[in-house]
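Have a look at the structure below before the remarks.
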């Protein structure tokens, strides 16, 4: 009887079909002669490794002549897949061989069902392999270099799906392509002929281990030979590391290095045959914090967000807050001081007298609103950094019928030097009256921040609208550009606008109302740096929102730039219209 001796020392095919109970299976031997259903014996001729690579469909799938299996010294553990029980009945137990699943319906040698099954090309072409092919752990040295017929080593290309992949052009079984399925991650090959079933699968734990296999001994199936059958790019580029994107660079590790998939994806079965990794949506920018981080942030805001008298200036920040934009007011959001001095007109070629006139008209309107409705006459010498700095002295009394003109607060303020920059506190009664006024200012601001015309009255409303239009025309819509960026930030649920200005708090509130900024600046987010400076205001803001959020400072002056540098905050300088447009563009692209 002729023997077939293949290149691998671990896999020899020998034996005879004379045994009535079928072939004897040893640890590294198996019969090379097969029996057909009519009882005839088919013998295989000795082949070299290069000849076996070109064997066509009339070669048996059971004779192991395919070089991808014959020369790979496959362990006898998976050989039960090539011994259909209807051909070689045997009652002899083989403990080293896994039992054949009952659902396996393999056809006998020589029948045409294999060709029919292999022609079901669509069953294989639509299955992307999410990890190592066939559920087998890394082939070790096989991935680093695969021997071809010529003996040269080739690297596995990232565009090639696996050594035994099936392409759409395989109409006949190729040598070494065994009629059983390989376990995929969440799926298996299944055709109408029932040859490939999900239960009939091989995993790494059942038959493949490094001690039994000589992985680099695959001499055939060069990757260039069947390159046309492989999908050119089965994996999206963002799921591959940069070190493996070149098909010509050998790798010392496994060729396919996929990034860690999101949790919950690895255990899901592939139910859609056309499913790809591209269906996984990465988290949106910016990334949300975990629940524990948000709880800690909330507790930080409650415990540390208090003023110098241990009062809470504002509600605790939103648990999802991730970015805080700290704005300057004059010459950043609005053009006001440079109108009064005429510097804006000189810079942009406008008429200086017209510019100064518009500035004076706006200044008069600002202080008129502050004096008439915001108690500026009473509070000018009792300026605060934040609207809630004196809220701890408020007893919550109903102010609907309270008469601010007759409570004696102005006389007490002028006769006693109680409103000092150092925050010296007066009597309890006087401090309560001060707190009443700031509470009333807060109520007016929240009521009219979207309807300043209702606060001014019909006559002043028309003058205000006319003045706003003239200033916008002179300044080339500076405020409109700033409002676009402010509104975009305000529309985000994880961002907030903060205003820090060197103007006193009450005139600053009047400016915000008259320039239509109340909708993007809640009164709790407005700080006056008149007494303590912007750097100290930045420290208060950090204490309020915590250090886990990202702070961005936007302004035109040196003071805010130095404060931002000290606290390691990014600084966006505003010196022209183009800076405002660039800021809005960066916000639209979510760079900020």
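Each Cβ is built from the backbone N, Cα and C atoms, and glycine gets one as well.
Positions annotated as region 'Disordered' by Swiss-Prot: 1-95 (among others).
Annotation source Swiss-Prot lists compositional bias 'Low complexity' at 8-26 (among others).
Residues or ranges marked as compositional bias 'Polar residues' in Swiss-Prot: 28-63 (among others).
Swiss-Prot lists 64-75 (among others) with the feature compositional bias 'Low complexity'.
Positions annotated as region 'Disordered' by Swiss-Prot: 240-320 (among others).
The compositional bias 'Low complexity' feature in Swiss-Prot is assigned to 241-253 (among others).
What Swiss-Prot lists as compositional bias 'Polar residues' is 254-287 (among others).
Taken from Swiss-Prot, the feature compositional bias 'Basic and acidic residues' covers 288-303.
Per Swiss-Prot, active site, nucleophile is recorded for 328, and the stated evidence type is similarity to another entry. According to DSSP, residue 328 (active site, nucleophile) sits in a coil region rather than a helix or strand. Within 10 Å of the C-beta atom of residue 328 (active site, nucleophile) sit 23 other C-beta atoms, taking all shown protein chains into account.
If you look up Swiss-Prot, you'll see 330 marked as active site, proton donor.
Cβ neighbours within 10 Å of residue 330 (active site, proton donor), excluding its own Cβ and spanning all shown chains: 18.
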